[in-house]
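According to TrEMBL:
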| type | residues | note |
| --- | --- | --- |
| TRANSMEM | 7-26 | transmembrane segment |
| TRANSMEM | 69-87 | transmembrane segment |
| TRANSMEM | 99-121 | transmembrane segment |
| DOMAIN | 152-295 | domain 'Palmitoyltransferase DHHC' |
| TRANSMEM | 196-223 | transmembrane segment |
| TRANSMEM | 258-278 | transmembrane segment |
Amino acid sequence: MDFLTLFAVYVTVVLTCIVLVCKYSGQQQTPFSILFNFVGKVFAPITPRWLQKFSQRTLHRLFHQRNNMFIYLHILIEAAVLAEFTYEVFGFCRDMDTSLISLSVPYILLVIKSLCFYLCIRRDPGTVTKKKIAGQLHIYPYDRRLFHPGVSCETCELVKPARSKHCRVCDRCVQRFDHHCVWVNNCIGAQNTRYFLLYLFSVCAAAGDVAVLTGDMLLHAVLRSGLLRSSYIDEEGQQQSAGPLFVVQHLFLTFPRIVFMLGFLVFVFFLLAGYALFHSYLALVNQTSNEWYKSRGYVCQHCHPTATADHLCSPAPDHSKRNYYSRGILRNLGEIFFPPRPVHKKDN
């Protein structure tokens, strides 16, 4: 199996994983969980007990408890990409007379991204507390479809405001809960969704800009070398003109780290761009990821399917309005970037 075939298999596997993640995101039963459970059952009899316990504790620590592992991993990957770009691509681009303004854009985006990243980590997402609960209950009305009045959190033992949810990782209820992001080790809620959106777009912009500069450098390297007009002798001794596949393989052998970085950036860009567009859509219609997932397979937990009409939630939920909390695009965006604060009633 030659180099290009291996690379094609690699690209196919990565793209397949991305599609599966997007398709089954938020669902309990996914191909990943089924495969993981199957592999666990197959290897459980031959795996030492101590190794099983260690793996379970490690996975629990990584995905079910707050930790900074993914923050460090994020910084490490970012540092590796930026170092490679600065060490190799930057010099090539300067030789091609690329302006310093164009080459400074990735570093400016890095500063913006780092600021939003820090705010996502440090900003309180809107924790529901005893002190704030009275005001938080009046921020959003209950839609009586996904959120019902009088329902208390079993863990916090507080009445749950509309659009809130208890995060098992952080062990707290969060106002306008969207999701828990392991990359920032924090919940995304009412008070930091704006920073999360800016973080996503700045990461996409930085990855896209570095990818464009790197691709332009490789293109100029090919054009200057005259590789497109060259030829080679194949395995059968026949002279063949250099085609696109030959050029790609030549670039891999000549600039392996740069080409690998470019491929990684392209995958990251498309994956995060799709994720950013999804969250942009949610912002435009004033919906959270939590609400979107629930609405896909909505079943009212307070209405038994065999109950009579007298035992149904009253008044009946309005299923005709898909986005109950939408108030128009401008107001929806205003709510994201200028989130409403808890209402404090003045004493007479």
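All positions are counted from 1 along the displayed chain.
Glycine residues also receive a Cβ, built from the backbone N, Cα and C atoms like all the rest.
Nobody curates TrEMBL annotations by hand; they come from automatic prediction.
Outside the transmembrane segment (258-278) by six or more residues, the chain places 11, 14, 18, 22, 81, 84-85, 88-89, 197, 200-201, 203-204, 207-208, 210-211, 214-215, 217-218, 251-252 with a CB less than 8 A from a CB of the stretch. The average pLDDT computed for the domain 'Palmitoyltransferase DHHC' (152-295) is 88. With helix defined as DSSP H, G or I and strand as E or B, the domain 'Palmitoyltransferase DHHC' (152-295) counts 84 helix, 20 strand, 40 coil.
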